[in-house]
Amino acid sequence: MGIVLGANQYGKAETRVVRVVRDGPRHELRDLNVSVALSGDLDATHLTGDNAAVLPTDTQKNTVYAFAKRYGIGEPEEFGLRLARHFVAAQPSIRWARVTIEQYGWQRLGPHSFQRDGGATRTCAVTVDGAGEAVVSGVTDLVLLNSTDSEFWGYAKDEYTTLPETKDRVLATAVSARWLLSSVDTDWAASYDGVRAALVAAFAQTYSLSLQQTLYAMGRRVLEERPEVAEVRLALPNKHHLLVDLAPFGLDNPNEVFVAADRPYGLIEGSVLREGAAANDGAF
Ligand SMILES: O=c1[nH]c(=O)c2[nH]c(=O)[nH]c2[nH]1
């Protein structure tokens, strides 16, 4: 029986880089977590330990810091494109590079004082190979809650079903959304802000009969409002809020007191794209 090497990639994960722009008394801050993955002609290192084609992950980490100084960071998508293009262009053995970035937000408190955002994290994944370039922007941990306008009933039932049907429940989720841009020449900041606003508005304004329905409404809203977006993929954990039985204490509970359960949780996932468009799995 023959044994062969399959798909492989390697790189430095989670390089944390903070860049301060000190052009004057008013400083700017970018705070990123950058992961690099490279792939290409890397059979030799796996099969014989010949490392001639291997650009060390330590060098990749150094490149992140050097580029932050030399070119600045700018928008995370720009920084990712610059890095991914560099790795593919500079190393003949490297044919594919993916740079994934998390950007942590900081609120300005003063000219050189900041407060770390508690909430959502902006993300991007940039892929560069011989066939082209793709950028997927995203957001994680965007926690949203509707305290009404959510029902769940009429579902399939079998002998294990105990869930009561409800015409009024809390609907809460921590949105993970990623969206493919149709061009690498995009106003990244405006696009991110616009997509995020569309996701939030659709969540808040949808009278929900299922989280699945809300997911589709959110993806649809993004595609309707943001022409630069080709496809949206959403992962929505159903952060269950379970009504507490207060009857033992002689109290009723008309949707006022809940247990916020952390697990298990329903996980609703889906993609929304433009009709006739092919899903671009390689970019995600
Ligand atoms: O919006 C929901 N979708 C489900 O598929 C589901 N399943 C479940 O138990 N509760 C819910 N809620």
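Numbers run from 1 along the shown chain.
For all residues, glycine too, the Cβ spot is worked out from N, Cα and C.
Listed features, source TrEMBL:
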| type | residues | note |
| --- | --- | --- |
| ACT_SITE | LYS12 | active site, charge relay system |
| ACT_SITE | THR57 | active site, charge relay system |
| ACT_SITE | HIS240 | active site, charge relay system |
| BINDING | THR57, ASN238 | O2 binding site |
| BINDING | THR57, ASP58, PHE152, ARG169, GLN212, ASN238 | urate binding site |
| BINDING | THR57, PHE152, ARG169, GLN212, ASN238 | 5-hydroxyisourate binding site |
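Among the recorded positions THR57, PHE152, ARG169, HIS240, the residues whose Cβ sits under 6 Å from any atom of ligand 1 are PHE152.
HIS240 (active site, charge relay system) and THR57 (active site, charge relay system) are 41 Å apart (CA-CA, integer value).
Across the residues the record lists as binding urate (THR57, ASP58, PHE152, ARG169, GLN212, ASN238), the two Cα atoms farthest apart are 51 Å from each other. A separation of roughly 14 Å, to the nearest angstrom, links the Cα atoms of GLN212 (urate binding site) and HIS240 (active site, charge relay system). Note: the Cα of PHE152 (urate binding site) and the Cα of ASN238 (O2 binding site) are spaced 12 Å from each other. Taking only the Cα positions, the spacing between ASN238 (O2 binding site) and ARG169 (urate binding site) is 12 angstrom. Listed recorded positions: THR57, GLN212, ASN238; maximum Cβ neighbour count within 10 Å falls on ASN238. Distance between Cα atoms for ASP58 (urate binding site) and LYS12 (active site, charge relay system): 7 Å, as a whole number. The two recorded residues, HIS240 (active site, charge relay system) and ARG169 (urate binding site), have Cα atoms 9 Å apart. Other Cβ atoms within 10 Å of the Cβ of ASP58 (urate binding site) number 9 in total over all chains.
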